[in-house]
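J.: What follows is a structure written as C-alpha cells; I'll ask about it next.
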Amino acid sequence: MTPGELRRLYFIIHTFLSYGLDELIPKMRITLPLRIWRRMLFWMPNRHQDQPLGARLRLALQELGPVWIKFGQMLSTRRDLFPPHIADQLALLQDRVAPFEGKLAQQQIEKAMGGLPVETWFDDFSVEPLASASIAQVHTARLKENGKEVVIKVIRPDILPIIKADMKLIYRLARWVPRLLPDGRRLRPQEVVREYEKTLLDELNLLRESANAIQLRRNFEDSPMLYVPEVYPDYCSESMMVMERIYGIPVSDVEALEAQGTNMQLLAERGVQVFFTQVFRDSFFHADMHPGNIFVSYEHPEDPQYIGIDCGIVGSLNKEDKRYLAENFIAFFNRDYRKVAELHVDSGWVPPDTNVEEFEFAIRTVCEPIFEKPLAEISFGHVLLNLFNTARRFNMEVQPQLVLLQKTLLYVEGVGRQLYPQLDLWKTAKPFLESWIKDQVGIPALVRAFKDKAPFWIERMPEIPELVYQSLQQSKQLQTSVDTIVRDMRVRHVRQGQSRYLFGIGAVLLLSGTLLFIHRPEWGMMPGWLMAGGVVTWLIGWRKTH
C-alpha cells in the first residue's frame, strides 16, 4: 500500500471507531491482539453514544465522502444484509456535496466539444450550477441552433482518481468481513462491492445514461402517464450530457400538488402502472426512481403526468424472469405457497435439489402473518423482500436484476402511499399482471411468436434439404463412431480379463518359486524357473492392458 492509501485507510478506520461502529463486530471475534492493536493505534472513544447504531453508520458514511455515501445508498436496498433499523437509516443518506467551480465545468464542456468556446454551442450558459451531486453537476443554457432551454450535466473533473482509490480500500475491507463477522461469508461482501463498482462506473459514462433516457422516452412516447425529457445526442459524450430542461413539481411536495388540484389517487395509481408497464411490457425499467428524480407536470392536474429524469441506473428482466415474477406475485396473493416454492425451483433461482415441502413451509411461516392485514395495507416491496430473504436461506443466488426491481418497487410504493395513503397496490397491479400472463400463453402469443420467427424460417427454408442430408450423414458417422467405441470396449474388456488371469498365474508362480527357494534349496534350478515364469507371465499381462 502507498503512504496515501495508508493515510486514507487510517482515516476510514478512525472514523468508524469514533462512531462506535466496532459494535457491528461480535465480541467473540475481537481477539486480544485485535484489542491491543485498537488501543495502540485507535484509542479514541465513541463520541456518539447517544445515537442508535444505524444513525451512527449513516453519519460515518456521510463523513467519509461521496463514494461511501453512494455505497451506503446501495446497501440500503440490500435488506438481506442488514436489519430494518440499519437499512432504514442508510436509505436516508443524501447524495449532496458542495459544487465545484462553474469555470471548471465550462472547461469540461469545452473540452468535450472539441476545445471550442462554450458560446459556440450555447447561449445564456449559467456558471452557477442548478444542482450538484457526488458524480456530476448540472448547469442551464440555451441551444444556439434553436433557442431551446437545456440542462448540461457534467462529470466532476477529479472524481475518477477518488473512486479508484476508495474502491481499492473498500475491496480490502470487504476481504476482512468474513473474518470478523460470523455470517460474513454468506453475505458475499466482495460480490456486493463488485456490484457497487459496476453501478458507479456506469454512472460515470453519460453516453450510457443518454442511451437509457432515449430508450425510456421512446417507450413512453405520447403516453399520458410518463414524460421523459428529450436528449440531444449530438452534444453528448462520456463526460457530458445535454437534455431538455423541464419544469414540474417535485413528487415529494404533496402540499404544492394538492394546492393546484392534482388528482392524487390517479397520480398514485399511475405511478404503479408506469412501474409495471416498464417491467412487463418493455423489459426496461428506471431503477433509481427516488423522489428526487420524479416530478409532476404543471399541466392538466386532473389528468396528471409524471416527469422522469436521471436514467443512469436501469434494470431489465428476461422473458422467463418476467413470467416467474408475475406468477409469483399472483400465487403469493392467492396464498398458494406451494406454487411459489415450485416456481423458485423451476426458475433456477434456488438449487434444483431444494426440498420443496420445507421451502413451502418456510415461506408460509414468514409470509402468512403479512396477509392478516387488509390488502390495501400490504407492501408489495416487503412481500418481495420477505420472499427473497426466505429463499436465500435455501441458497438462492443473488440476482442483481431482482435486487434493482425490489428497490424500485419500494420507491414506487413509498411515493404512491405518500401521495394517496389509501392506495391499494394489489388492486391496481393484479389486472395488469393477469392480463400480461394471459397475453403470454394465449393464441395472440402464438401468433406473435410465429410472426417473429417467420422471416428466419423463410430465409432458412432453401437450406432444409441440405440440412436434412447433413443430419443423416452425421447420424451415420455417429453410429459408426458408436460401433467402433463399443467394439473397442469389448476388446479392452476381454484383454483386461486376460490380464487379470495372467497376473494371478504370475503371482502364484512367483510366490511358489520364492517359497521353494527358501525351504527347498535342494530343488536346484526349479525355483528360479518358476520365478522367471511368473515375471514373464506378469509382463505378458501388462502388455495386454497397454
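From the backbone N, Cα and C atoms, a Cβ is placed for every residue, glycine too.
These came from Swiss-Prot, pasted as-is:
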ACT_SITE  Asp288  active site, proton acceptor
BINDING   Leu130, Ala131, Ser132, Ala133, Ser134, Ile135, Ala136, Gln137, Val138, Lys153  ATP binding site
DOMAIN    124-502  domain 'Protein kinase'
TRANSMEM  501-521  transmembrane segment
TRANSMEM  522-542  transmembrane segment
J.: Between Asp288 (active site, proton acceptor) and Val138 (ATP binding site), what C-alpha distance do you get in Å?
T.: 18
J.: Around the ATP site formed by Leu130, Ala131, Ser132, Ala133, Ser134, Ile135, Ala136, Gln137, Val138, Lys153, list the extra residues of the same chain whose Cβ is within 8 Å of the site's Cβ centroid.
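T.: My list of surrounding residues reads Pro99, Pro129, Val154.
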J.: Output the one of Leu130, Ala136, Val138 that, of all these binding-site residues, has the highest number of other Cβ atoms within 10 Å of its Cβ.
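T.: Answer returned by the neighbour count: Ala136.
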J.: For the domain 'Protein kinase' (124-502), what's the model's average pLDDT?
T.: 83
J.: Across all the protein chains here, work out how many other Cβ atoms are within 10 Å of the Cβ of Ser134 (ATP binding site).
T.: 21
J.: Any idea of the Cα spread of the ATP site, Leu130, Ala131, Ser132, Ala133, Ser134, Ile135, Ala136, Gln137, Val138, Lys153, as a max distance in Å?
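T.: Binding-site diameter by Cα atoms for ATP: 14 Å.
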J.: Validating a neighbour-count step here. Other CB atoms within 10 A of the CB of Ser132 (ATP binding site): how many?
T.: 18
J.: Reduced to three states, what secondary structure does DSSP give the residue listed as 'active site, proton acceptor'?
T.: coil
